[in-house]
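Notes to accompany the following structure.
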């Protein structure tokens with residue numbers, strides 16, 4: 001296949017319809033960054049760090065491993081889509097208030113993973129073990145994770 005050939009991808013990103021063009025094999029993270037969605041970080045590019053976490057149909061995924069072509073017909077949410085009317089989401093507010101993260105590189109991925117975790121219906125509150133498991137794909141070099149876990153617990157109480 002000639003690399004100059006492109007595919008057309010129709011999807012919704014942060015509530016807005018998009019018709020995008022990409023070379024087959026392009027990761028979703030790259031395509032999103034080309035649209036100016038710079039919260040989608042390119043860290044490890046092998047699905048180990050979680051800096052590229054976005055929601056696809058409500059599920060947190062590593063967008064560096066997710067082909068752009070697979071986004072056809074999907075609803076994609078990035079950190080840029082979480083604030084509504086200039087107001088941060090309750091998860092964004094909680095992370096900002098708690099100071100759970102330091103340098104900020106991991107913050108978008110953690111917020112998106114937290115958002116997905118909190119959106120899942122359940123009968124009981126999340127346990128610390130469930131939170132740690134839910135954030136296991138998101139690396140943070142600056143913290144010991146306890147403040148992040150506490151932030152998720154606070155988010156659940158205030159949602």
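Cβ atoms are placed via backbone N, Cα and C, with glycine included.
Features reported for this protein in Swiss-Prot:
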- 44, 49, 52: [2Fe-2S] cluster binding site (BINDING)
- 7-82: domain '2Fe-2S ferredoxin-type' (DOMAIN)
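If you average pLDDT over the domain '2Fe-2S ferredoxin-type' (7-82) in this model, you get 98. Residue counts for the domain '2Fe-2S ferredoxin-type' (7-82) under DSSP, helix first, then strand, then coil, are 14 helix, 27 strand, 35 coil.
Those same-chain residues not listed among 44, 49, 52 yet with C-beta within 8 angstroms of the centroid of the [2Fe-2S] cluster site C-beta atoms are 41, 42, 43, 45, 46, 47, 48, 50, 51, 62, 64, 109, 139.
When the binding-site residues 44, 49, 52 are compared by the number of other CB atoms within 10 angstroms of each CB, 44 has the fewest.
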